[in-house]
Amino acid sequence: MMYAPVEFSEAEFSRAEYQRKQQFWDSVRLALFTLAIVAIIGIAIGIVTHFVVEDDKSFYYLASFKVTNIKYKENYGIRSSREFIERSHQIERMMSRIFRHSSVGGRFIKSHVIKLSPDEQGVDILIVLIFRYPSTDSAEQIKKKIEKALYQSLKTKQLSLTINKPSFRLTPIDSKKMRNLLNSRCGIRMTSSNMPLPASSSTQRIVQGRETAMEGEWPWQASLQLIGSGHQCGASLISNTWLLTAAHCFWKNKDPTQWIATFGATITPPAVKRNVRKIILHENYHRETNENDIALVQLSTGVEFSNIVQRVCLPDSSIKLPPKTSVFVTGFGSIVDDGPIQNTLRQARVETISTDVCNRKDVYDGLITPGMLCAGFMEGKIDACKGDSGGPLVYDNHDIWYIVGIVSWGQSCALPKKPGVYTRVTKYRDWIASKTGM
């Protein structure tokens with residue numbers, strides 16, 4: 001039996017054609033959707049694989065070598081001396097030049113000179129080198145890459161210092177050894193490679209909401225507290241037993257048994273706590289004029305340096321900061337005039353202001369003496385405030401931090417033409433040395 005062909009009316013034919021096309025495009029859309037899902041899964045797997053495989057970590061090396069075209073100077077043995085600082089910076093710049101434009105360029109992070117020693121041929125250098133490589137790489141494999149890059153640079157680059165190639169030694173070290181070596185130097189923030197500084201364009205005020213500091217960001221900051229009364233002043237750790245602060249912090253109570261010092265980014269709970277053994281005020285401190293507003297506090301027992309607790313460098317007495325130099329002030333003080341003490345450490349970038357400007361009649365009218373330093377902004381947007389007294393004003397020089405000022409006085413907080421006034425630390429280096437031996 002033959003089947004007769006099915007006949008459609010014009011309307012039925014249009015409907016059937018529409019359904020056929022709809023089924024076709026549904027299939028296309030399903031195929032495209034499936035491909036998209038597969039692609040997304042593939043990309044996700046690729047990203048995960050990338051981060052698993054390319055999970056970088058820090059590798060640390062202790063390098064030693066001889067430099068033969070310079071002579072050893074006695075002050076190279078004093079890490080806070082201008083000679084040690086300048087020579088160290090020259091060596092660190094040279095390391096950067098050697099490695100950043102080499103086969104390991106993208107992997108080099110930074111270097112820190114640990115020691116300069118005398119040698120018959122010149123000067124022995126001991127330096128920590130820090131690199132970032134995939135965690136799957138071995139320290140020995142990386143060592144060979146570093147040595148190859150160095151030797152190639154010695155052949156092709158004109159360097160300011162002559163490295164004796166046979167003397168070069170490179171030893172992998174772990175993070176604990178690296179920290180111990182860096183602890184022998186002052187002014188180093190262990191977390192600085194992971195922690196950005198407050199932006200220089202920040203409009204945050206030290207009063208009215210200045211930026212909160214992270215743990216370990218300012219590891220020399222201390223809180224001086226009267227037992228039973230809480231936080232009174234800030235201070236700066238300059239050795240494992242000595243704090244530098246302001247004399248006016250003790251005008252009501254100079255009894256060391258009534259004071260404690262704590263460290264860390266919060267007052268409560270503190271990371272480290274110490275009793276006070278001795279308080280030394282400058283013999284010529286004048287409360288009426290704020291002259292010689294400087295004091296030393298000796299801890300009953302020394303602190304152990306760590307990522308959270310470190311000492312800041314004392315500047316050479318010859319260091320001069322030009323106007324508009326960026327410096328940082330930190331403390332637990334009020335964020336509004338006459339406001340409460342803050343439990344969390346805060347930070348702000350300010351700029352140095354010349355003594356001539358600060359002594360203008362419309363500013364402080366001649367009250368700024370050679371032992372004082374002005375910092376802030378003439379428009380008054382950032383300033384230290386109540387509770388910040390005694391705390392540090394610090395300056396960054398090639399990732400080494402120096403205390404250049406001690407929060408001392410000012411007219412109210414953050415008023416226009418009334419910047420903060422700090423004790424100028426460079427003027428008191430001899431006094432500090434006479435009391436501490438530093």
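Cβ atoms here come from the backbone N, Cα and C positions, even for glycine.
Listed in Swiss-Prot as the disulfide partner of C233, from the options C186, C249, is C249. Counting other CB atoms no more than 10 Å from each candidate's CB, the active-site residues H248, D293, S389 peak at D293. Reduced to three states, the DSSP call for D293 (active site, charge relay system) is coil. Cα of D293 (active site, charge relay system) to Cα of H248 (active site, charge relay system): a distance of 6 Å.
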